[in-house]
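J.: Structure below; questions to follow.
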């Protein structure tokens, strides 16, 4: 089969799966319905993984560019499947398929949920290979609409409100994104990345440079809302905390990163053609690097202050995306490979944490980290899974987070970003220590003592399977980090492996021990009376609806103002 | 031409203001829609600046407007409708749950629900 056909099939299969789920909903015969549902899952989530394996040798040789249906370039949809598209798709499908299996036990089990889930996965993979700004806009919107609806699927009032806030700020951002697309089309007369890249080298007039710069700011800030970095991350904690667990895992694991890397495919292509606008690109990337690094620290302070388990994890997602953005914005191939590695590893360990904490809090009937205790009684699998996830996110060798955080730290060595990210790592260890208390075999000081009298064991084949899969994946991707680094490096065109060959040395082990000691010391400070007072006041803060939009306007105004002032 | 652009900017800002300040959720959905319409109108206005006829190519017809922005906006309008429909569905569910459309009251009740 031709590579173009394989790529299209891989993108469209999740949609076929979604249709199968809608057909299953119409069926009255229960056995037949179950068969169609299983077929929908296999076709929509697992078959594309097989196709991606077939595509690997092709994409490793060179990227594949084509127009859907061999249409005229003026009206056709341009697709460009390169190494980054492959990496994003594989990350999306692994995370989505395991999270979907989890939902087979933990719910929601309705056909509409699975169909929407597959539509979201379709949008993910389409975003990854889009090579046209308008097509990117449409993919972002499909991704958005599916995820707003999926967030609301838990049926709780706060989930509806979170979905509405997410939608309001995201739709406003998309209107601004469209303005940016318009600006670029008006100046360059093209919407495809290649067309824009060709034209951009010929732009010399000051007015056009500023025009493209401002359009770029619109596109970047609108995408930053989806990526959730400072100052526009306010919608995320509530949405990720109130969504069904399987959705939280995918939203945090994949959905916030794909827009970032999709934007990178556009920005870095334009930057590779030397033009008068390069200086604006560099300034915008510097601002993103600054913002990403700061996000890593600020979000972890918020995480440390939370009392609701899933909200704590949601703030961690914001913090970890800060790490990813800080590396991505360096914009060299090796930095992009390191950013992808951390994004992928985060998808695995955050998926594991959301799923394990999700089933434990469901069994406990509470989400409060201060009142749940003795959660080890729920079973070996959830307990071991949680600790593997916690050790991974805390960068404990040989789990995967250690390798990817080491790769990012190496990139920043000697700069102020290194110091900030190191501080954020200490916060991560402290907050994971705080979260792990729900498993400790001790009595809670609060009134409710969950799991002391009636231990509820967590059962269900697919639930345990998904937890075990993510756990093993966290370990294996940590052990084979140099090989995965080499694969990512070769696919994004880097000569250098982002992961050092000497990963597990005595020095790095010493560093880890020091990090853990600092983390525990910070935890003790946070649980002191003064620390508690401070964290309670931070925890009580909830971003208001107007605040979310104000933050977006502020981000847009500041970055736009910077471009106008400097040029 | 300039006055048109200023009016469209005003329309967009009106939508943004409504979304931010209005307490009634249904009005927020209207505001979202107004914002979207402002962007759609801008595309159509700018796309129409180079010609004067509808982009239906017939013999001897050269003065037609740029068809690309119009084609794009058809898609953007469809996306806008999907967003509005979903937003209204969410508002309806919130109303069923909390029996109010006031965003601050809903947020307060939702926070207490935790």
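Counting begins at 1 with the first residue displayed.
In case you wondered, yes, glycine gets a Cβ from its N, Cα and C as well.
Pasting the feature list from TrEMBL:
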| type | residues | note |
| --- | --- | --- |
| DOMAIN | A:130-427 | domain 'NADH:quinone oxidoreductase/Mrp antiporter transmembrane' |
| TRANSMEM | A:6-23 | transmembrane segment |
| TRANSMEM | A:77-101 | transmembrane segment |
| TRANSMEM | A:134-153 | transmembrane segment |
| TRANSMEM | A:165-188 | transmembrane segment |
| TRANSMEM | A:208-234 | transmembrane segment |
| TRANSMEM | A:246-267 | transmembrane segment |
| TRANSMEM | A:287-305 | transmembrane segment |
| TRANSMEM | A:376-396 | transmembrane segment |
| TRANSMEM | A:416-440 | transmembrane segment |
| TRANSMEM | A:461-484 | transmembrane segment |
| TRANSMEM | A:504-524 | transmembrane segment |
| TRANSMEM | A:545-565 | transmembrane segment |
J.: State the residues, same chain only, that lie 6 or more residues beyond the ends of the transmembrane segment (A:77-101) and have a CB under 8 A from a CB inside it; answer 'none' if no residue qualifies.
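T.: Result: 3, 7-8, 10-11, 41, 45-46, 48-49, 52, 55-56, 59-60, 63-68, 71, 114, 117, 120-121, 124-125, 127-132, 135, 192-194, 246-247, 249-250, 253-254, 257-258, 261-262, 264-265, 336, 340, 343-344, 347-348, 351, 355, 462, 465-466, 469-470, 473, 488, 490-493.
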J.: Looking at A:134-153, A:246-267, A:287-305, A:545-565, which one has the highest count of Cβ pairs under 8 angstroms to the transmembrane segment (A:208-234)?
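T.: Per the Cβ under 8 Å count, A:545-565.
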J.: Under a Cβ pair cut-off of under 8 Å, which of the recorded stretches A:134-153, A:165-188, A:287-305, A:376-396, A:504-524 contacts the transmembrane segment (A:246-267) most often?
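T.: Out of the listed stretches, A:134-153 contacts the transmembrane segment (A:246-267) most.
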